[in-house]
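Working notes, structure below.
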Amino acid sequence: MDYTVSSLQCFFLVLCLSLLVCSNSETSYKSNKKPILINFGDSNSDTGGVLAGVGLPIGLPHGITFFHRGTGRLGDGRLIVDFYCEHLKMTYLSPYLDSLSPNFKRGVNFAVSGATALPIFSFPLAIQIRQFVHFKNRSQELISSGRRDLIDDNGFRNALYMIDIGQNDLLLALYDSNLTYAPVVEKIPSMLLEIKKAIQTVYLYGGRKFWVHNTGPLGCAPKELAIHLHNDSDLDPIGCFRVHNEVAKAFNKGLLSLCNELRSQFKDATLVYVDIYSIKYKLSADFKLYGFVDPLMACCGYGGRPNNYDRKATCGQPGSTICRDVTKAIVWDGVHYTEAANRFVVDAVLTNRYSYPKNSLDRFW
């Protein structure tokens, strides 16, 4: 009897040790997965694509706050995607079009300023997706030849694919319709179709993790308020263009529906919809609460109040000036957010209160 009890004790001890070893091995494996980000988009997340792609000079004062030089980013410093990289303890994303000193080991950025979901300009979403397919295929070829500084097949499979696009489509449609709601809304399904095809293509090539930003409150941009004649009835309670924000909300509603549809279609994929609109609108509405000033004024521009924006002297052009304290400004150049505002947005995103389904960046690896 004593021998039997001792054997059972030994058996359970060995079993527990085995489970512990397996558990530790699994934990170690998960912790060793390094985050990889692959981004598609426009100027909201362009880290130098337009500079490399078309040679458009974007120098100081752009970049003055953090990089202290022009990097191709349209802003005074870091973008949302840069703060994501910092949070994940990885280097900033190199533009796909950068031919001089790119680092593609932990990701790549296909975003180009001015890009649209529809095939309107040089680097629309469909072209960015084609570039991705070529990049993936070429990376595999080079790795098979001995290269070790690129994303391997497992890396592409475990990468997070981020999409932030659509604002330029909506603005162009608004301009074409003389700021009329109905004609713009009629074009939204075609915009969403391009995003759908993009996600489907990435999925076809092995992508299983998606992070999709909706579009922000376009009607709160100082540029829009400055270039379009309007009266008080055109504005909402915080002074933003109603029609701009209404079309943005219509687009976002359709984008959320699309994400839900694709989530049902791709059972083995994770697709997170991030409500950037709500974060940015809250910042503009409650700016004093968060230590900001003048939400409807460009920090870098010309003309003074109410919007400090003039097409003849935009940020960086002769005559333009920079506000006294950029850390308290929300909008940098009339369109793009300041580094301080981008940090606010990322801090809000990382609470998981604005993502559907609720998911954090850290949980993807």
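Including glycine, each Cβ sits where the backbone N, Cα and C put it.
Now, the feature entries from Swiss-Prot:
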SIGNAL    1-25  signal peptide
ACT_SITE  S43  active site, nucleophile
CARBOHYD  N137  N-linked glycosylation site
CARBOHYD  N178  N-linked glycosylation site
CARBOHYD  N231  N-linked glycosylation site
ACT_SITE  D333  active site
ACT_SITE  H336  active site
Within the chain of D333 (active site), which residues six or more apart in sequence place their C-beta under 8 angstroms from its C-beta?
H62, L74, G75, K223, A298, C299, C300, G301, T314, C315, G316
Find the one among the recorded positions S43, N137, H336 whose C-alpha lies closest to that of N231 (N-linked glycosylation site).
H336
Spatially closest candidate among S43, N178, H336, the listed recorded positions, to N137 (N-linked glycosylation site) (Cα to Cα):
S43
Determine the most Cβ-crowded residue among the recorded positions S43, N137, N178, N231, using a 10 Å radius around each Cβ and all protein chains in the structure.
S43
How big is the Cα-to-Cα gap, in Å, between S43 (active site, nucleophile) and H336 (active site)?
8
Count the other Cβ atoms sitting within 10 Å of the Cβ of H336 (active site), across every protein chain shown.
24
